[in-house]
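Peer 1: Mind looking over this structure? Questions follow.
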């Protein structure tokens, strides 16, 4: 009997100790029952680190305009009035384009500096430029007249060619760039946006076949785009070469404004020249390899010589 009593006592004590331990642990895990340990953050100064050389990804790009932008006939509403959901893309772009004796196209192959020229003209005139497209990136960073295709804007951006493409326009500025550079610029845009870059790995996808096909397709498009507008557009046309715009910016802007029959404001023009780099001209980046093979470069240069000759451009 005494042995059984001790066994009963031992089992009871074990159960009591177990229950007590469970209760103790439960009380310690109740939220707020004990102070929270401070979180030690390594390199805690980094979240507040900002440098103009290394902008944070979420940092909003801002443009200093020489003058508040407006439409040709009315002041521009506040930028905050523009919301992406206010815009609807027409099912037929040509239906939104109305032929006008005042409508001027800014035609170019993608990667030829169209956005940069629009930026320069907005700086030099204070007038908005439009587009047949609705690029939300541009819409939010200095081009609120994206998808405006009427004479309320200075000119209208297009990368299209063919009868329907030029029918609404009375005049056109054709911006032409060296195809070798334009194709790389377009490759960068498709991979990294208007001011970004394609990673080196992108050129080597599928053992380089993707890049080779890209060059072949875009070279044909470059030739068709430029010759189609230069030969078949029946309105007044002015050909502007990107290299001239880079090296003789003021001279070219004056000539463009004269073609547009828009009076030159000397103060605005000086301001535009001072701020000509802006944020829409992609900075140069040297690759550690040449993306063009000898055969590709020979093909590109051959087509360039033909097109430039037909456009009246003499290459030295």
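FYI, residue positions are counted from 1 along the chain as it appears here.
In case you wondered, yes, glycine gets a Cβ from its N, Cα and C as well.
Feature annotation from Swiss-Prot assigns N-linked glycosylation site to 78, 150, 226, 232. Sequence annotations record features per position, and here Swiss-Prot assigns transmembrane segment to 8-28.
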Peer 1: Given the glycosylation sites 150, 226, 232, which one is most crowded in terms of C-beta atoms within 10 angstroms?
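Peer 2: Most Cβ neighbours within 10 Å: 226.
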Peer 1: Give me the Cα-Cα distance between residue 232 (N-linked glycosylation site) and residue 226 (N-linked glycosylation site), rounded to a whole Å.
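Peer 2: Checking the Cα atoms of residue 232 (N-linked glycosylation site) and residue 226 (N-linked glycosylation site) gives a distance of 10 Å.
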Peer 1: Take the C-alpha atoms of residue 150 (N-linked glycosylation site) and residue 226 (N-linked glycosylation site) and report the distance between them in angstrom, rounded.
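Peer 2: Cα of residue 150 (N-linked glycosylation site) to Cα of residue 226 (N-linked glycosylation site) measures 23 Å after rounding.
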